[in-house]
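> Dropping a structure here in C-alpha cells format, bear with me for questions.
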C-alpha cells in the first residue's frame with residue numbers, strides 16, 4: 001500500500017492497541033500499554049541490525065555466537081508524548097543513547113519551530129529511532145527528521161503507534177528514504193487534525209492533562 005512503511009501486526013501489539021484506543025482506559029494503564037507496545041515494536045524495528053560472530057567461553061566449552069555490530073543506536077522521542085515510547089524501547093535496548101526534540105507550530109506561519117533539542121554528540125555514528133505515538137499531519141515528525149539531518153544524522157527510522165495516510169505521505173514527500181514503522185494506519189484526519197478513529201490526544205491521555 002505504501003512504500004517503505006511497515007505495519008507491525010503482531011497479535012500482542014494489536015491487542016494492546018485496542019486497549020489504548022478505548023476512552024475508558026485511564027492514564028496509568030495507558031502509559032503502561034504505550035511503553036509495552038513500543039518495546040514490542042522495537043523487536044521488529046531492530047530486526048535488520050548487523051551481527052558479527054564472536055567466541056565466548058561457557059562453563060562447558062568455547063561457543064561461537066553472535067552480537068550486534070556496526071552503528072550504535074539512538075532513540076529520539078518527540079516531546080512530550082514520545083517519552084513513554086522511549087522508556088519502553090530502552091527496556092529492550094538499554095545501551096541506546098537518548099536525545100530529545102521539542103517542536104511546536106508557529107500560529108502565524110504554521111511552520112514547525114524547534115524549542116528544545118538535546119542530542120548525543122555522536123548522532124552521525126548512530127542508527128536513530130525517532131518515536132512519537134501519533135503520526136497525524138506529519139509536520140512534527142518531518143521537522144524532527146529535518147533537524148536531525150541538519151546535525152549530521154545519517155540513518156533514521158520513524159516509529160509511531162498510529163498513523164494517518166496524510167502523515168505518511170507528508171513524511172515520505174520530505175524524507176522518502178526514512179522507513180516508517182506503525183502498529184495501525186487509520187482512516188485519516190478530521191477537521192481538527194485528529195486521527196480518526198485514533199485514540200484522542202496521546203499526550204493528554206499519557207499525562208492526565210487536558
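Positions of Cβ are set from backbone N, Cα and C atoms, glycine also.
Summarising the annotation, Swiss-Prot assigns 5-phospho-alpha-D-ribose 1-diphosphate binding site to 80, 105, 132, 133, 134, 135, 136, 137, 138, 139, 140, 201. The uracil binding site annotation in Swiss-Prot covers 195, 200, 201, 202.
I'd like these features described in context: how deep, what's nearby, how far apart.
Counting only residues at least six positions away in the same chain, the Cβ atoms of 78, 103, 105, 112, 132 sit under 8 Å from the Cβ of residue 140 (5-phospho-alpha-D-ribose 1-diphosphate binding site).
In the three-state DSSP reading, residue 202 (uracil binding site) counts as helix. Listed in sequence order, 34, 81, 133, 134, 161 are the same-chain residues six or more apart from residue 202 (uracil binding site) with CB atoms under 8 A from its CB.
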> Going by Cα-Cα distance, pick out whichever of the binding-site residues 80, 136, 138 is nearest to residue 200 (uracil binding site).
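Closest by Cα: 136.
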> Give the sequence-ordered list of residues that share a chain with residue 80 (5-phospho-alpha-D-ribose 1-diphosphate binding site), lie 6 or more positions from it, and have CB atoms under 8 Å from its CB.
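For residue 80 (5-phospho-alpha-D-ribose 1-diphosphate binding site), the qualifying residues are 102, 203, 206, 207.
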> I'm trying to understand the geometry here, so how far is the Cα atom of residue 201 (uracil binding site) from the Cα atom of residue 138 (5-phospho-alpha-D-ribose 1-diphosphate binding site), in Å to the nearest whole number?
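Cα to Cα, residue 201 (uracil binding site) and residue 138 (5-phospho-alpha-D-ribose 1-diphosphate binding site) are separated by 15 Å.
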> Centre the Cβ atoms of 195, 200, 201, 202, go out 8 Å, and tell me which other residues of that chain have a Cβ in range of the uracil site.
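My list of surrounding residues reads 133, 134, 194, 198, 199, 203, 204, 205.
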> Under a criterion of Cβ-Cβ distance under 8 Å and sequence separation of at least 6, what residues of the same chain contact residue 195 (uracil binding site)?
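Residues satisfying the criterion: 134, 136, 162, 163, 164, 186, 188, 189.
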> Using a 10 angstroms cut-off on Cβ to Cβ distances, just flag whichever of 138, 200 is the loneliest among these binding-site residues.
200
